[in-house]
Every structure is written in C-alpha cells, then in structure tokens.
Amino acid sequence: MGKRLISQRRGRGTPTYRSASHRFKGKIKYRAYDSIESEGSLKGKVVDIMHDPGRTAPVARVKFENGEERLILAPEALMLNEEVECGVKARVKPGNSLPLSEIPEGTPIYNIENRPGDGGKLVRSSGTYASLITHDADKAVIELPSGELKALNPQCRATVGVVAGGGRREKPFLKAGKKYHALRAKGKKSVTVRGVAMNAVDHPHGGGNRQHPGRPTTVSRHAPPGRKVGSIAARRTGKRR
C-alpha cells in the first residue's frame, strides 16, 4: 500500500502542517465603536512595538486612557511613547483611526473596515496603503493598492498613514532555509516536489527508470483522495490551437 499524498496529510491537520498560532501576538481589531468614539476621541500611548511571526508588518501595543490595551498595525515613523487617538474627533495623523467620513480626501489610509464594526479587513500588509478618493453622506470611495475602486459605508473606520515594513519584497531571501522558515511560521509549503520525481510508493506518477507519469494524468472528479492528482475532471488537455 502506498503512502498518503501531501495534500491528504495537510488535510488531516497534524502539527507538521499547522501554523504555530501560539507564537502570534494576537488579533488586530478596532475597539467597539461606543459613545466615546462616536462623540469624541480616546487617546492612548504606544508602550511596545513588536515583530509578529504571523504578519508581514510590525505590531504596536497601545494602552488607552480608560485602561484598555489593544494591538494595532504600526504605521511608518511610529515611535515608542507616541500618542495615538481613535474616534470622530481624533486628529488626522498617522496612527490615528477615524471613520472615513471624517478623513480628508486624498489621505493615505490602511486597515479599513469592510463593514462598520468588523474591526478592519482591508490593506493590512507591510508597506501598503489605500487612498480615499471621495466621500459623501451615502458612500466613501477608496482606491486599493491594486488600483481597484471600492465603495464603502462612510461609517467604516480606517487608520491614517502607511503600514510600516515597506520594501519587504525588494529584499531577496538569498537562501532556501530563510524562505523555509518564513513560510513555516504561517504553516505554508516552502517547496513543491513533482510527482514524477517521487518513488512509486509516494505518488501515482512516481517510479520508473525515467521521469514520466506512466498513466493518463486526467482523473475523475469522483476519484478517491489517494488517486486524485494531475488534471482533475479536465474538459480538455494540451495546447490550445
């Protein structure tokens, strides 16, 4: 009997293939939108800036005046002991979070809520930002890093500034081991071995005196998991002519 495929082992979810979430610093979410934020602003102080293995951007720990502690995505140029604010009366300054209706047009923003109160879903990778194009009483239009224009509720919150850690993709990994550990922290595969390069016990396409599948590579949609590799339920194969 052959061995299970990597896709089968990953699906089982053993520790080998799980992300080490116990090392992550925590969730990045805006605080509940209460009367403090809807009528004024709440100030806090940055007490720590940390690296989070599960993210590409640095994370800052903020202690607010009311005793709450929250993790936020650090913007560029944020420093320890710097003051940040959240609420409708907060200043338009990097690190401060406000509703889109209170942010001037053309301002770079990040960690944007998709729906009011969801805590922030859009534009959270290092070095990224969106631009607020326009807003009125009914909707706010932002330009995402991809260039797509998206209309949102003007009560959705966002943080002013650019996410710290820019230029990350310009620095090469140089070594396969560095790439392995970077992806391993998030539970991702670092390398993909071809089936024809494996032994017959490891993959349906493995074995033989040369590298070839040895059988048709198209398989049924209803094939069992150990045989479901190659072109799954393909309508056609080969070059388009």
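Quick reminder: no glycine exception, Cβ is built from N, Cα and C everywhere.
Remember, predicted model here, so these are calculated numbers, not experimental data.
As given in Swiss-Prot:
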- 1-21: region 'Disordered' (REGION)
- 1-12: compositional bias 'Basic residues' (COMPBIAS)
- 200-241: region 'Disordered' (REGION)
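Residue counts for the region 'Disordered' (1-21) under DSSP, helix first, then strand, then coil, are 11 helix, 0 strand, 10 coil. Beyond the compositional bias 'Basic residues' (1-12), the same-chain residues lying 6 or more positions past its ends with a Cβ under 8 Å from any Cβ of the stretch are 189, 200-204, 225-226, 229.
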